[in-house]
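Copied over from TrEMBL, here are the features:
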{"type": "DOMAIN", "residues": "135-192", "note": "domain 'Potassium channel'"}
{"type": "DOMAIN", "residues": "248-319", "note": "domain 'Potassium channel'"}
{"type": "TRANSMEM", "residues": "32-55", "note": "transmembrane segment"}
{"type": "TRANSMEM", "residues": "137-155", "note": "transmembrane segment"}
{"type": "TRANSMEM", "residues": "167-185", "note": "transmembrane segment"}
{"type": "TRANSMEM", "residues": "238-261", "note": "transmembrane segment"}
{"type": "TRANSMEM", "residues": "268-288", "note": "transmembrane segment"}
{"type": "TRANSMEM", "residues": "294-316", "note": "transmembrane segment"}
Amino acid sequence: MVEADPWDLDQLLSGEQITSRPMATWKTYARIILAHVSLIVLSVVYVGFGAFLFYQLEQPNEVEVRARNIERFNIHKRQMIEHLWEMRESGIGQHVVEDLAVKYVDNVTRILFEAFDTHCIGAKHLRPGGEDEDYNWTYMTALFFTTTLLTTIGYGNLTPVTGRGKLLCILYALFGVPLILITVADIGKFLSENIVQLYTWYRKLREKCSKQKYSVISSKDDKNKEGDLNLDHLENYISIPIFLIVAILLSYITFGAVVLSMWEGWDFFSGFYFSFITMTTVGFGDIVPLKREYYILDLCYIIIGLSITTMCIDLVGIQYIRKMHYFGRAIKDARFALVNVGGKMVHVPDLMRYASVLQQKYGQKKTHDTIIVKGAYAPKDLSKIRFIDFGALASIESWQSLWSILTGRTQEVHV
């Protein structure tokens, strides 16, 4: 055997046995890890770049809308105060001043509602010094928006209001949602495999300490042979207890509830409620984190939590899927089963056909089954006449086996 040279044409045409140089161990692991790391890096870059685009599109519009509405509100407020003061000094009747005040209040209310509908102004912006409040669209809030958008949580506390922003949201989510879901599923699969490995080590350690033998589900590496009732591709398969999987998920949600309660000033139940709604991707949006300095930690908690949720679904689902596949194959292959009937082995379909024939021959007839046609002769013993093709329904040996069961004798009987 010679070492392979990809540029040696004579070596390839000579027919000599060629062996490839074994790959280093670190290269093997690097190839495995590189695909997963590349997927995570691509997702992070996609989320960050999308946040930058939304920030550039929505933040200028918010600055303009907020400044215009605050100025409009302040102008109307000054006009109302000046007009009412002039009317008071001029000695106009009180009822006229009250009617005018009511009109001004109605106009202020309308202006406030119109300002709130822009999603750019809140009550804090209309107070003295409200112009210096942080804008809704910053790069950090845009990053939080893109992450919750692509994970399909969608709290709804921050949404694009411009036409270009809405169009970008559609195109961005069209490609980003599958990417993030694949990334989360990949991380969840990695976690599930490690959980299975840790649980396997735990079981081996427990067996070693207690010196007890436990049966482990295993199967042979068959090639999907029809009629084989063994489980496929279950080499050293370990079944994780359901309560352990649920305990992992609830523990993570409880941890998040405690941490978020400390960051946001919530009570424990509100933090637990928010964590559960987030992990299940329901995202009502009634409770949303507001401390922007913790947004990065919040996003890490959400991504890891979604991966743990995917892991739990994978661990629970694969057990029931394997069981359903096993029982499905068992039911499908039941037609190949053999039944011992009077010392003779008969297939189940043949036995069902024989039972149908016996039911037709010796079964109790109903009175309404006989149809009498006027003018035609219908002999009552017509059912006792043998048909020509009667023997084609089963072999003579199968009939002998059935006759042995019915009569209680084991000797062969000629039908």
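A Cβ is built for glycine as well, from the same backbone N, Cα and C atoms used for every other residue.
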Helix, strand, coil: count each for the residues of the domain 'Potassium channel' (248-319), based on DSSP. 57 helix, 0 strand, 15 coil
Taking only the residues in the domain 'Potassium channel' (135-192), give me the average pLDDT of this model. 93
Where DSSP helix means H, G or I and strand means E or B, what are the helix, strand and coil counts for the domain 'Potassium channel' (135-192)? 42 helix, 0 strand, 16 coil
